Structures are given as C-alpha cells and as structure tokens.
Amino acid sequence: MADADLANLTLAVAELAQRLQDVQDDFAANNNAFFMCSMGLIIFLMQCGFAFLEAGAVRSKNTTNILIKNLLDSCIAVIGYWAVGWAFAYGDGENSTVGLFLGTRQFFLDGVTDYPKFFFQYVFAATSATIVSGAVAERCEFANYITYCTVISSIIYPILTHWGWSKQGWMSQGIQSGHINTTYIKSPNKS
C-alpha cells in the first residue's frame with residue numbers, strides 16, 4: 001500500500017468518525033428534545049386535572065367559569081412567558097447584582113433555539129398559576145384573576161426560576177460564590 005493510499009484511507013476514516021460523531025450528537029439532541037416535549041405534555045395534562053378538581057369543588061353554576069379560567073391560564077401564560085418570562089428566567093443576566101436576580105436578555109425569545117426547553121418551562125409557569133386558581137375559585141373577580149395569572153406566570157415564577165435554575169442565579173451559584181453575605185450565618189459549633 002502506497003503512502004498516498006494510506007493517507008487517503010486515514011482521511012476517509014477520520015471523515016467517517018466525524019460523521020458518526022455528528023449522528024450521535026444529533027441523536028442525543030433529538031432524544032433530549034423528545035424527552036422535554038413528552039414530559040412537558042405530561043405536566044400540561046396537570047391543567048386538565050386541576051380543571052376537573054376545581055370544577056368538582058365549586059357550585060355547578062360556576063363550572064363553566066372555572067373551566068374557562070383554566071383554559072385562559074394556558075393562553076395567558078404562553079404569551080407572558082414568551083414575551084418576558086423566558087428572559088427573566090433564562091436570559092443572560094448582566095454581570096452585576098441584577099444578573100443574580102433576573103435575566104435581562106432574550107425578550108420575545110430573541111436568539112433562543114431551544115424550543116423544547118421553552119415549552120417545558122412554559123407549562124410549569126402555566127401550572128404555577130393554575131395551582132393558585134383552585135384556592136381563589138369563586139372568590140375572585142375575573143379581572144383580578146387575569147391580573148394575578150399574568151403576574152405569576154410572566155414575572156414571579158420566572159424570577160424564582162432564575163434564582164435556582166439559571167447558571168447566573170444567586171441560589172444556583174451557591175453560598176460560597178461570594179455573592180451572598182455570610183456574616184449573619186452562624187456555624188453549628190458556635191453559640
């Protein structure tokens with residue numbers, strides 16, 4: 001075998017190895033996307049469960065009202081989470097104190113390509129508003145309900161998500177990061 005043939009064979013094997021790695025990476029990305037979407041659908045089905053639970057807990061004259069409110073939870077949450085919620089939760093924060101508490105980029109999903117993760121997080125934001133709706137069933141005016149649903153799914157839940165699940169959040173970075181004042185935390189050995 002000539003040196004040229006050996007060099008060509010080496011290049012062909014390297015190209016084949018690169019193609020195999022690309023296929024494996026693509027398979028892993030598709031596998032993760034499928035998992036995120038299927039788990040998101042399961043969480044989304046919690047909306048139906050909460051709707052049935054709330055419909056059974058209210059007077060029959062308010063059943064339609066409760067079901068419409070649960071449907072609106074999902075509709076309002078997707079708009080709010082798309083517009084500002086994702087940015088507050090996972091948008092890159094500034095390298096300052098603000099970045100520890102909320103994200104400041106990627107509003108309206110600007111530059112986002114991980115849509116399965118967006119869907120997964122959106123259904124949790126919608127579910128967070130639906131959980132509270134059971135507590136205020138028949139006790140809250142419609143306009144107030146829409147307002148709190150919007151605030152919970154677009155602002156409160158995303159900011160708390162940023163704290164713990166974003167790499168830049170203060171709870172995610174931990175107490176040893178130097179961002180948290182530990183002066184007032186007492187050691188268990190000291191009185």
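Glycine too: its Cβ is placed from the backbone N, Cα and C atoms.
Any TrEMBL annotation is an automated prediction that lacks curation.
Database features (TrEMBL):
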| type | residues | note |
| --- | --- | --- |
| DOMAIN | 33-174 | domain 'Ammonium transporter AmtB-like' |
| TRANSMEM | 33-58 | transmembrane segment |
| TRANSMEM | 70-90 | transmembrane segment |
| TRANSMEM | 119-138 | transmembrane segment |
| TRANSMEM | 145-165 | transmembrane segment |
Most Cβ pairs under 8 Å to the transmembrane segment (145-165), of 33-58, 70-90, 119-138, goes to 70-90
DSSP assigns the residues of the domain 'Ammonium transporter AmtB-like' (33-174) as 113 helix, 0 strand, 29 coil
